[in-house]
Structures are given as structure tokens and as C-alpha cells.
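Enquirer: Feature list, courtesy of TrEMBL:
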REPEAT    83-117  repeat 'PPR'
REPEAT    184-217  repeat 'PPR'
REPEAT    253-283  repeat 'PPR'
REPEAT    284-318  repeat 'PPR'
REPEAT    355-389  repeat 'PPR'
DOMAIN    499-591  domain 'DYW'
């Protein structure tokens, strides 16, 4: 039958047979090491099948998969013929290894060679922009997408949304998201997560929209939503999310369970956080650290330390995050000696080398205790690089103890690191105001004006009937404003009979004493609490959140309201939680 087959045909059949064998060999699971791939590569060169593009691409892919990027690059350079797959594999290989410059360079070669980028190579280079937070390059790649008409491709568009979100260009991400013809669960999750970092309320609005459009959130999506609830601190949303997770049978694994611990703790419900912690079948060091941190910023230092010892007894060793949580708990509970012992034990007992966060916690711990000289010595001898948070901790201690000389030193270091942060100017200005040096206050305000810096306004939020209301100082925008002010003045009169005297030291302006009192009376915290007394039924706690540190006069006001009005008040400020009950605060006035 084969007698009349020419020699040329026999060669072709043999060649095809070799190619098929090589393809099968490259698909064999036993080809697991670079050594095996190099053997196959050698066979390809010997058998003359290197010019088969499918074989060459598969070799290239295997080199990249095994992170043998030099072998891949050498093979790539030898290839006389390349198709979009070839280019995409190389772009992806460099991207996966974090070799961003070669990833960009290879993509530029694609464009110069006239090859049309596809929905495989583009997402790789876009993710590189995302990982580097390279917004400018991301915009340039977006222009390439538009030029080649790929703006409606689902994979490309979804990756662009992710890139803009991670570069904090939320408006650009949202514009793309809104025009996408089809959105999958991953894209919704990316957009919800982007808003969770900057606008938690909008994040939860998107979550509601996603469910309305028929998407069922998976665990990853729920972790994102839980994080948004933690940022917002809205208890009614936290309860809803918890019910949703239970109703849909999502198990409390380490990631979701830890996120829920953080959510409940930041919504002011430490009991629910501990309940979730106890329900978790599996816990890792992050889960334990999250619960220790929760006790810390709720002022439960002893409980935080007890939990740490329980963690050790379970065979879980602490890491850097654990020690940050522990030191923070000691600092806010006045456990100075315990905190120093933990810091000293980090390297010797647990082989955890202290970084700038641990030094910052220790400076804060010593500063709150009035041991400023020790805090300064620690800063002077520390080997790690100092950052703005370290100097902010020292400056905060100077504010508490009125140390002007040291405050100026800390402020100068801060302003060198972050000259455009208005918070530093405001804090030092407040220290001068407290000391009565209003000429210095005026000097700093002029500096802020010249630099076009604005003070962050103080806001207070309160939850009533599953809705969040916002108040600013002297706010009269609420529909029940007149009733709120009448209630507030009535409460203040009752407190004054019981001995409340407004502490005008916290009005950091050079005005008459009576004007200072009027300014204190209308602080946003007081307005929110007055509204809570009207709108929240007795027996339920009044929960408020403040974006700045609560002032000393409002702290006293909350204590007295909890006693005179017999109401439980939970305040979340920029640093911690305060639980007011029967005239006392969970912080023990150590804050």
C-alpha cells in the first residue's frame, strides 16, 4: 500500500509524528522540573521541530510556569516566528515574577512589532500597573485599549477597573464599571472593595445593588463587605451581614471569621466579636491578634493579656501583628510595665524583631505614662527608620503633659517628613493654644493658609432606626434641630445642677469665657447624643462615631449623661472606643 509513497511524504509524516510525540511529552505531568523541560528542548532542537510554533510556545509556557525566566527569554530570542500567544506568555512571565521593567519593555515591543495586543497580554500588563500603583502607565495602557477597540472586552475592562481602584482613582474605576456591558461577581467585588477603603457607605450601596441584580456573593465578596461595615462602624449593617452569612451557610473560615471579629469590634460590640472568635473552628495567629487588638482599643487591657497567654497555651506563636496589638492594649490601659516587658521579650523569647510600629507603640505607652525622657531616649537609640507616626505619638504625649520644648522638636521632625499634612500644624497649634501662646497659634494658621492647607472638620455620626445621621459643630441642618437644641440645653442644666462645669480649656481660641462655653455646648458629639436621647428608646445604647479624638469636655459630658440620664453611650473616636455607663468610662480616664 505504501510502496508508491514518495520520500518527501515519508519525511513529512515522520516530522509530524515527532511533533505529536513532543506535544504529548510537554503535556505529561512528569515534566515537573526545569531539567526535564531542558531535555525536551534539546530533543526539539535535535529533531528539527523547533520551528513548530505550537511546540515552541508550549516550551516557552513551561519555562515561565517553572519561573525559569532566563531560559524562557533565551528561547524567545531564538524564535524566528512569534504569534500573540508567544508575546503574551513572555509578558505574563515577567509580570508573575515581579520583573516590571521587562514586562513593560516586552509590551512596548509588541506594539512596535505591529502585533495587536489581546485580552491575555493586556490584563497582565494592566495588573503590573496595579501592583506598582503606576497610575500614569495605567492611563497609557488604557489609551492602547481604546486604540485597539478592546474597551468592551470583559476581561480587559474588569482588569482596568481593578487597576484604577488600587491606584485610588475611584472615579475612573467607577466610570468604567458603569459602562461595562456585563459584570461578573469578581468585578462587583473589586468595586465594592475599592469603595470600602474610601467610602464605606457607597460600598454597602453597591453590595445591595449587586444582590438586586441576582448575584450571590461568595466568601471573598463577603469579606469585602464585612470590611466596609467595619470602616463604617454601623451596627445595624453588621447584624444584617452576619444574618446574611448565616442564612447562606457560609462557614466561618479563618479569613471571614477574622474579618467579622474586626467588624463587630469596630462597631462597638466586643461581646459579638468574642462570640464569633469562640465559634471559629480554626484560628491562626491573625485571628488571635485581631481579638487581642479588639480588647485593646476597647480599653480591656487585662483581657487582651489573658487572651495572649491563652494563645500561647494553644501552641500559636505571636508575630509582629500580635505584638502591635498587645503593646497598643497596654498603652491604652495604662499597663506600662507589662508593655515594656512584652517589648523586651519580642526578639529574645519569640525571635520577632521590633519594627517602627512596635517602637511607636512603646513611645505612646511611655508618653501616656508621663515618662517623656524615656520615650526620647528610646527614639534616639532606635536603629530602625523613624516615620511620621512615631513623631505623632511623641507629639500627642507632649499635648497631654504640656511639654512645649519637646513638642516643638517632635513637630519639626513631623513637618520635615510630611510638610503637607494639616493635622500636624493643627496639633501643634492646639498645644500652643492650650499654653495661651495665641501669637504662635496665629503664626501656624498663617503657615497653613500660605500652603493652602485646610483643617479636617470634626464630624459625629449616630445610628437611629437603621439610618446614619451626621452632625458638625453648631449644626442646624437636621429637621428636628429645634427639638435637639432644646433637649441639649435641658440636659446641660441637669448636669450643671449635678456639678458639671464646662471645661473651656478645650476651646482653643482667644475669645471670651461665655463664648467658649457656647462653643463647647454645640460640639458635634453633644448634638448627636441629644438626638439619640430623643430618637433611641430607653434601654438601647446610644452609639456615636467621631472622625477626630473626642475632647475632654465631651468625655466628661458623656460620663455625666450616662449617670444622670441612665443611658449607655458608646463612642468610637479616631483612636479607640469609650463605653460610658453609670458615670464611668471603660478607659478609666486614661486616654
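Each Cβ is built from the backbone N, Cα and C atoms, and glycine gets one as well.
Describe the structural context of each listed feature in the structure shown, including burial, neighbouring residues and relevant distances.
Expert: Here the repeat 'PPR' (83-117) has Cβ contacts under 8 Å with residues 53, 56-57, 60-61, 63-64, 67, 69, 72-73, 76, 124-125, 127-128, 131-132, 137, 141, 144, 148, 150 of the same chain, all six or more residues outside its ends.
Long-range neighbours of the repeat 'PPR' (184-217) within the same chain, counting only residues 6 or more positions beyond its ends whose Cβ lies under 8 Å from a Cβ of the stretch, are 154, 158, 161-162, 165-166, 168, 170, 173-174, 177, 224-225, 227-229, 231-232, 234, 237, 248, 468.
Within its own chain, the repeat 'PPR' (253-283) has Cβ neighbours under 8 Å at 219, 222-223, 226-227, 229-231, 233-235, 238, 241-242, 245, 290-291, 293-295, 297-298, 300, 314, 316, 541, 543, 570, 572, 577, 579, counting only residues six or more beyond its boundaries.
Away from its own ends, the repeat 'PPR' (284-318) comes close to residues 254, 257-258, 261-262, 264-265, 270, 273-274, 277, 324-326, 328-330, 332-335, 338, 350, 352, 575-579, 585-588, 591 of its chain (Cβ-Cβ under 8 Å, at least six residues beyond either end).
Helix, strand and coil counts under DSSP for the repeat 'PPR' (355-389) come to 25 helix, 0 strand, 10 coil.
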Enquirer: With helix taken as DSSP H, G or I, strand as E or B and everything else coil, how many residues of the repeat 'PPR' (83-117) land in each class?
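Expert: Helix/strand/coil tally for the repeat 'PPR' (83-117): 26 helix, 0 strand, 9 coil.
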